[in-house]
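Trainee: Okay, so Swiss-Prot annotates it like this:
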| type | residues | note |
| --- | --- | --- |
| COMPBIAS | 1-15 | compositional bias 'Basic and acidic residues' |
| REGION | 1-235 | region 'N-terminal domain' |
| REGION | 1-259 | region 'Disordered' |
| REPEAT | 7-22 | repeat 'N-repeat 1' |
| COMPBIAS | 17-36 | compositional bias 'Polar residues' |
| COMPBIAS | 69-82 | compositional bias 'Polar residues' |
| REPEAT | 94-109 | repeat 'N-repeat 2' |
| COMPBIAS | 97-106 | compositional bias 'Basic and acidic residues' |
| COMPBIAS | 113-126 | compositional bias 'Basic and acidic residues' |
| COMPBIAS | 161-175 | compositional bias 'Polar residues' |
| REPEAT | 187-202 | repeat 'N-repeat 3' |
| COMPBIAS | 218-236 | compositional bias 'Basic and acidic residues' |
| REPEAT | 225-240 | repeat 'N-repeat 4' |
| REGION | 240-615 | region 'Middle region' |
| REPEAT | 270-319 | repeat 'M-repeat 1' |
| REGION | 280-299 | region 'Disordered' |
| REPEAT | 330-379 | repeat 'M-repeat 2' |
| REGION | 338-359 | region 'Disordered' |
| REPEAT | 388-427 | repeat 'M-repeat 3' |
| REPEAT | 441-490 | repeat 'M-repeat 4' |
| REPEAT | 500-549 | repeat 'M-repeat 5' |
| REPEAT | 560-609 | repeat 'M-repeat 6' |
| REGION | 608-662 | region 'Disordered' |
| REGION | 616-792 | region 'C-terminal domain' |
| COMPBIAS | 618-636 | compositional bias 'Polar residues' |
| REPEAT | 633-678 | repeat 'C-repeat 1' |
| COMPBIAS | 651-662 | compositional bias 'Polar residues' |
| REGION | 687-792 | region 'Disordered' |
| REPEAT | 703-738 | repeat 'C-repeat 2' |
| REGION | 763-792 | region 'C-terminal peptide (CTP)' |
| COMPBIAS | 764-785 | compositional bias 'Polar residues' |
């Protein structure tokens, strides 16, 4: 029993704390007045002998260990002796905690072997663990210095063996069913729930509340047979009260009251709901003034500071008007420009605060924390800021939120494909595209000569300052500014410069681009050979011949240029693998145009196909004798002699001027008489007229007009009278050669020196530069110029 009261112990403890602090020996050690009795003491691992044995087990010698191996009785005696010797326990929990911390500091987390335990597990383990196992663990840790107690240890060993056998038998045998007294089912259910919560905590509340689960929660060691017995016992007493039903039970008895049955009055709510004067909802126990309660009339209609807990219905019922708030709201509710609600301290502009006027109506980026009501009050219009997270709807009606990647008026380069239907995941909403077109990233305009130019527009603009100088001046070199600049800022566009790269059309209707090598008005010395036909690759266009030559020269140049046509070709002689003959099977594809070397003549193709002949089949048929390719371009001596011999027809004797009119023997007829002329290699077939030639009468009176000139001056058989030199009905005179001799005339003015002939070269002004062939030259600078560019 304790010899000191609790007050004396407290005073002693405080005195020790004031003298030596928390390290006082009176605090760590147990006082003699707090000694446990022998009945309270039991063998634990925090026993002093148990701790000392752990330290002395390291100092065991080899002979002592052999004695422990050969004689197991000595170890049992030590356990019995330790149980007899009851000593004082000095703060065993503190020593256990210190030992555990020491092990954790040395070995770390593996030294922590403690686990979470419940009361059910502790009881289950304590019933199964035998005293024999506890004695074996103590033998391995105790020292061998207790040799004088062999007899007592042997007796204790026998008693321990008997106890262990009994405990092992009891553990192996199945526990018999315990008889329980009849209890109230609801009380048993509550007790089982509390017991389960004490063992398993909050997890026990989530378990089902069936009869079997309740029985298992009360005693987890029950077998399935015992649980079924408990369930049957409960159902035999209470029926199906604990069983869940799918629907409500229908009344089975007669309704005696009928329609006169009164509706049960609703009970008073434990948790009330009211609304403050500022529109906030307050829930909880209602502390409002009530007509059924006396003593709460004071200060009902006064304004108070702090949290408002009275509902607005109190002021409407007992007061004439609502109270005026004396201080700003502690938590304000405002709306952003996009309609989102923001709660907290209101940091906007206020009429009672000065110095916060700058930046009131400016749009800020980032999180919007200023109310839209402020913009309406001080600025007049609320300008919504750009959304950080946009919302849209797809074509199927699904909502899409996030960064909007659609087309915008403030972004360039996203115009391509904006109106196309794409496959895959839809990331654009059904919102209409913005009106108007943004600034073009790649501009398109025309030069002064009409050529198209694409790229970044570097011309003068109304939105850019500093680019006014030189906007209306003419610049040589590559033209990169369109006529829009001259029409907008200069009033008109200048004449285009000489083309650096010209375009021309050859005789074969092919386009040639590059530096033009034809005749030019600005170049002298290139007149010879302008209108001559040149064979080979044409490098001059038809426009050169049309501008400087007559029609005959242009036609000759066009005829001289061969046209490389495919099928059909020119008229061919010899064996032709053509179509339209006696061979069958050649009709397929005969009238289709082919490329390559022509092996079918145009005459044969026209004869076989008719109107289905390809285009250009008659081009070779129109060649005449005057065409350039029908004559030799070089006159050899033999060719010259042949041309002289043909018109003279030096061979006589067989054909005459009118051979068909000659009569005589048959062998002198045409093509029947052989001779030198018919054996010539280059003879030409003569065509004789077989029809008689009609003689034309020479009637002068019908062809010559009637003359009215009479007199002696008549020289042509007519008599001319009068003095008139012109033929008239009333004038007569001389006419003829005599009249011309009598009246000589001059065709024009005569001078001693002949008149100078006007030539074209005198009309052309003298060029400033001695180098010709390019444009943009001056009389200063280098004499060598780059075609199409500035002098350098």
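Each residue, glycine too, has its Cβ placed from N, Cα and C.
What you are looking at is a predicted structure, and each value in this text was computed from that prediction instead of being measured.
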Trainee: For the repeat 'N-repeat 4' (225-240), report the average pLDDT of the model, please.
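Mentor: Mean pLDDT across the repeat 'N-repeat 4' (225-240) comes out at 84.
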Trainee: Using DSSP, how many residues of the compositional bias 'Basic and acidic residues' (1-15) fall into helix, strand and coil, respectively?
Mentor: 10 helix, 0 strand, 5 coil
Trainee: By DSSP, what is the split of the repeat 'N-repeat 2' (94-109) into helix, strand and coil residues?
Mentor: 15 helix, 0 strand, 1 coil
